[in-house]
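**Student:** A single structure is presented below for examination.
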């Protein structure tokens with residue numbers, strides 16, 4: 001039993017870090033642009049397919065596919081920003097409008113992937129040597145450990161970017177006060193495009209990670225990841241990238257621990273219930289600002 | 001709306017006459033469908049979506065809440081109807097009504113979420129709909145059929161079901177017509193625009209909102225119940241599918257939230273467009289649906305009726 005609990009904790013932490021990355025990228029887009037990216041999961045699955053194609057066609061190592069996915073998806077994010085943002089900014093209800101526009105994008109992405117790859121579940125036929133490693137008394141799959149290491153590295157790099165570089169500071173400033181940032185002379189449109197690109201780029205990179213860690217994916221599972229992303233972000237507090245990290249780890253641990261104690265199908269119920277409870281007691285999330293409108 | 005308080009009864013009468021004429025034409029055309037033998041299924045789903053869009057309009061259009069988990073009511077209506085009919089042998093037309101009551105009970109259970117706002121409400125509502133699906137999947141198979149769902153095993157009479165759906169749709173339309181002009185509707189709009197101001201003016205914010213929420217749930221659940229009867233087979237995956245919420249929201253927005261006519265017109269246009277896309281490009285359907293949504297939100301954010309009112313504000317007096 002102790003072994004199971006420890007195993008649950010370890011896997012919870014590993015998945016939690018990956019959920020955190022999904023949440024952070026979602027949170028960036030929400031924080032800067034107030035865009036509710038309902039297509040986040042589809043971008044992520046597209047990232048998984050990206051890695052799958054590169055591996056099968058060119059025998060490219062998933063860890064090399066990662067930076068490529070990041071760059072390609074960034075370019076796509078920048079393009080999408082220029083296509084939809086000018087009109088979205090002017091709408092009466094940007095919250096609903098962005099959500100629906102991105103839902104439309106998610107349908108288009110899912111349909112495109114369906115056309116290209118059909119509805120079957122695919123899996124990345126790649127394994128690290130050795131397949132599992134001994135950590136303390138636990139045996140953990142190498143792929144998961146590698147994914148965790150890479151994700152932590154990406155999150156640290158992101159934290160450095162957000163807290164110690166000028167563009168990063170500008171992004172955080174625009175999350176806090178969009179108008180004031182413009183007074184200081186920041187070009188908000190360029191900043192928004194950068195945040196959009198960064199967010200979608202990170203989604204693509206998360207997808208590569210997901211293809212390594214989770215056994216299989218298909219064009220329709222994107223929405224599950226979108227939901228995980230939203231839960232994580234709402235748990236941690238909207239518009240607070242660091243909150244998303246906390247939210248991701250809590251969600252990962254809760255999910256994996258409930259698999260230890262409860263039937264597997266119940267695990268998602270626990271995840272959602274935690275989110276709902278947190279929102280009721282702290283309406284702005286764990287690290288959100290105190291309520292005040 | 002400022003004009004509402006100054007409405008003089010003559011204009012209200014003209015407006016009502018226009019709306020009731022439109023409604024009568026729609027209802028008459030639909031009532032004749034089984035007699036003329038035109039596409040029954042298309043018209044059935046048209047009525048279903050009009051009902052759903054109108055139900056959503058009560059909570060989203062009149063109070064400003066966007067329940068992304070609206071499908072929960074539809075699903076619970078469908079499952080309550082199926083379980084009562086199959087397990088307890090209740091006549092199906094009674095089961096549907098009980099299913100509607102179940103939807104209202106569920107809305108009472110979810111009532112605390114109404115204290116949330118904006119995106120928090122939307123996401124929690126979506127989460128609750130998913131929990132509903134998971135709970136039903138995890139129920140013993142002898143109760144709710146597990147993930148395989150339930151075969152109602154009724155001898156199907158599509159025409160009877162068709163008229164039942166028509167009745168539910170008419171009930172939804174009459175309810176929202178009444179609501180828009182009643183004290184309750186005015187209170188709801190006041191809360192939507194500024195809940196604190198409404199409270200100061202003596203509106204019972206919590207109670208009023210709850211009424212709208214229950215009404216909205218009732219019609220979602222009734223629509224789900226009739227659909228379960230019509231298809232005779234339901235499963236949790238499709239009964240709680242997010243696409244149901246998405247279509248409801250999009251159809252309502254396509255017409256224009258907050259007006260009585262908007263969601264009706266929106267549903268008629270969009271169901272027709274959806275059907276056309278489906279026929280011409282079966283594989284591309286989902287792709288084109290996505291594109292249609294994006295174009296709609298970017299270029300016609302207030303919907304058809306909303307945009308007409310925006311361009312010709314004076315027409316507001318004639319459009320309910």
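Placed from the backbone N, Cα and C atoms, the Cβ positions cover glycine too.
What TrEMBL says about a protein is an automatic prediction, not a curated fact.
According to TrEMBL, the protein carries these features:
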type	residues	note
TRANSMEM	B:18-36	transmembrane segment
TRANSMEM	B:42-60	transmembrane segment
TRANSMEM	B:67-84	transmembrane segment
TRANSMEM	B:90-111	transmembrane segment
TRANSMEM	B:118-136	transmembrane segment
TRANSMEM	B:156-180	transmembrane segment
TRANSMEM	B:212-230	transmembrane segment
TRANSMEM	B:250-273	transmembrane segment
TRANSMEM	B:285-309	transmembrane segment
**Student:** So, taking each listed stretch (B:90-111, B:156-180, B:250-273, B:285-309) in turn and counting its Cβ pairs to the transmembrane segment (B:42-60) that are under 8 angstroms, which one gives the highest count?
**Tutor:** B:250-273
**Student:** Among B:18-36, B:90-111, B:118-136, B:156-180, which stretch has the most Cβ pairs under 8 Å to the transmembrane segment (B:212-230)?
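**Tutor:** By the under-8 Å Cβ criterion, the transmembrane segment (B:212-230) pairs most with B:90-111.
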**Student:** Counting only residues 6 or more past its boundaries, what in the same chain has a CB within less than 8 Å of a CB in the transmembrane segment (B:285-309)?
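**Tutor:** Tertiary neighbours of the transmembrane segment (B:285-309) are 250, 252-259, 261-262, 265-266, 269, 273-274, 277-278, 315-316, 319.
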